[in-house]
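Inspection log for the structure reproduced underneath, given as structure tokens.
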Amino acid sequence: MSKEKHEDWQLEQQRVDKVVEEIDQKQETLQNKIGGVKGEVIDLRENFFEDITVNMDEPDDVLETHNSIRQQAELLGERERSHRHFYDQLKTLKRLKNSPYFGRIDFHEDGDKEGQAVYIGLASLMDQEEEHFLIYDWRAPISSLYYDYSPGRAAYMTPEGEVEGDMTLKRQFIIRNSELKGVFDTGVTIWDDLLQEVLGGNVSTRMKSIVSTIQKEQNEIIRYNKKRYLLVQGVAGSGKTSAALQRVAYLLYRYRGSIQADQIMLFSPNPMFNSYVANVLPELGEDNMQQTTFLEYIDKRLSDRFDYEDVYSQLEYLLTSKKDEAYTLRFNGIQYKASLSFKALVDNYLKDLTKAGMVFRNIKFKGKTIVAKEEIRDYFYSLDDAISTPNAMEMLVSWILQQVKAFEKKERTKGWVEEEIQHLSKEDYLKIHHQTQAGYRGNEDTFDDHIREQRILSKAVVQKYMKPLKRKIQQLQFVHMEEIYKNVFQYHPSDAPADWAAIAEDTIQALEEKKLYHEDVTPFLYLEDQIKGVHVYTNIRYLFIDEAQDYSPFQFAFLKQLFPYSRMTILGDYNQAINAHNVTTPNPLSEDMHNQEEMEKLTLLRSYRSTKPIVEFTKHIVAGGEDIEPFNRDGISPTVTRVQDAATHMETIEQHIQAMQNKEYETIAIICKTANESRHAYDALKHDFDVKLMDKDHYTFEKGLMIIPAYLAKGIEFDAVLLFNASKEQYSEELERNLFYTACTRAMHELHLVSFGEYSPFITAANHNTYEAITIPSK
Ligand SMILES: Nc1ncnc2c1ncn2[C@@H]1O[C@H](COP(=O)(O)OP(=O)(O)OP(=O)(O)O)[C@@H](O)[C@H]1O
């Protein structure tokens, strides 16, 4: 960057000073307001009842008292809200004071007498008179000019339509601690300089916001508001996740008042990623959206019913098992069960179920059958088949509960109840006794107190024991979902794989052992929802699906059903698809999975994460990689070291670690293919290095040296990456190609590969000028 100061440096510093002064004054005013409101809140809380006349004598008085309490509570609530609001404003001012803005454009709107200078920062700031903007929020319509144009003709969209004009200046600032550190007028190269600086630093364990350097094509994603589905195919490191998070901030700004952070949800690849991105929105002065993973969702629904297989265990199996007959069977099953053909099969089966085939469980109490499964089935099929299955289930529940009620009445006279009453704890007894008194209104003469109490006690005891059963009935646990799902496999669809009969048998066998393969999880839940009714997320207005290439067509159809009122931003990279079901089936990034009128696809080809030498190396690993554009950032070439024996392998790994640690990188990852290999690497290194082993249950991303399986490193980045074993034995199948690419593209500044034995063909596929090859002979 040029060391010479810009000619307007002094003027701009003066403006910074002026703005900071305004901020100081506003801070003071706000502090005073906060102090005042705080006092009021404390006062109101302490003396809540003093201003209320409590009078319960007459119904009218009760009503008045009630109203007066409500008014007082409303007043308190309103004051508390003001306090929070002022406090948030103060936080924003503090942030602005450090760095009030990062950009300026001078824009002369067509038809206006003169142009205006627009300064752009993290939030808007008006002058004391509240007349002029000293700073425009980066999300304001006019700020778009900054990201979309170089000086010259320019336009931006407002809710009222397009505004055109001339941009006469575009300037960038670096301001830290209220002091100007840099001023650059635009030309593309200077833009690059600033980005160079941002990207050249060490990674922190938290993702940063990118508002001062958002690129035009990212800005389009951030502000997109046309169609329901926005698909973003972006190469590794192109800023998909960054764009998604700034888009959340944009939506919260654009629809302030009508959309809140809890109405936006992000499906992320793993819990560690959640911790990685957790800071971005708070840094931008916004609340975090809801964040979850598909695994978390599944776990909530299935953990107490099945020993279900999670996606990582499925991957471990596929990546580590011998490629025998059982493997092929499993692999074929995964493909088919992920497809929309299988969904169609389930849908057909559901239609048949409206006529026959539903399986129920007996409703039992203390070993006795209250309602037999055959009776339940007969009642269910006696209902009009025009009634939807979930509605029919509701009617069925009412009917069963009636039978249970009748049973309950009879049960009160049984011996076990009497016995239970004898053994009631004192507390329970007193509780019931009080209830007896409370519900008792006169007529003493007709009742013997003791008999009456006994009756109420037996009723209470039976009720207590029946309660869990009733709850289970309400939750439709009497619908035998496992049996019903098993019966899907009685069908033999014409487009199923040739070994379908064996796949079906294997699935049934697993279900009998209460095991559910990962590939069966979504079909199972889908089937269950069609029968019992879907618990949809009505509240979510915007859904973000990151790493969307890893979702199967069936999973995506399932998600669409869960979020019927949401607009969706679907981001991913087909070259990073690492799940077995993506080998032959499309994924939510495929255009043909959507209604064309409802979707738009945007593509990001520029990679910002890694240095140019790293991108030049990795782009050859995948098909279509020649389109990937590296961002022009220098660095050392990746190295590939071939070793021939285990001792030299570990020695080489250790030397690399030493060398990287000497460079004081914040995060260094040794990426392995699987959890198995990670454990092996960890055992070999733990005595000599301060190293952490990351597994699927690890929820936070910390700095330092770590060993991590490639599939868990998805979405995350490290200063330096060492691929533990890039041999042919480890990476040669198609599924492994994407895993290999994902692993290599996690590196920001340095990438080293060690291959125990012959190289992976994906290395040889790379242009040999893009890496430094070293072979260490056997000792
Ligand atoms: N406009 C930008 N300005 C500054 N940094 C950027 C910009 N765009 C992306 N980056 C940086 O590039 C890196 C990669 O971004 P991000 O993780 O969002 O990419 P991605 O497309 O989601 O990657 P992947 O698919 O490989 O996980 C991050 O460090 C991010 O901060």
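One is the number of the first residue shown, and numbering goes on along the chain from there.
Using the three backbone atoms N, Cα and C, a Cβ is placed for every residue, glycine included.
What TrEMBL says about this protein:
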| type | residues | note |
| --- | --- | --- |
| DOMAIN | 213-611 | domain 'UvrD-like helicase ATP-binding' |
| BINDING | GLY234, VAL235, ALA236, GLY237, SER238, GLY239, LYS240, THR241 | ATP binding site |
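Spatially close to GLY234 (ATP binding site) yet at least six residues away along the chain are LYS240, ALA243, LEU571, GLY572, ASP573, THR603, LEU604, LEU605, judged by Cβ distances under 8 angstroms. For the binding-site residues listed here (VAL235, ALA236), the lowest count of other CB atoms within 10 A around the CB belongs to ALA236.
Confidence in the domain 'UvrD-like helicase ATP-binding' (213-611), given as mean pLDDT, stands at 91. Remark: THR241 (ATP binding site) has MET207, VAL277, ASP546, LEU571, GLY715 as non-local neighbours, by Cβ distance under 8 Å and separation of at least 6 in sequence. Close to the recorded ATP site, the chain also has SER242, ASP573, LEU604, SER607, TYR608, ARG609: residues not among GLY234, VAL235, ALA236, GLY237, SER238, GLY239, LYS240, THR241 whose Cβ is within 8 Å of the site's Cβ mean position. In the three-state DSSP scheme, SER238 (ATP binding site) falls into the coil class.
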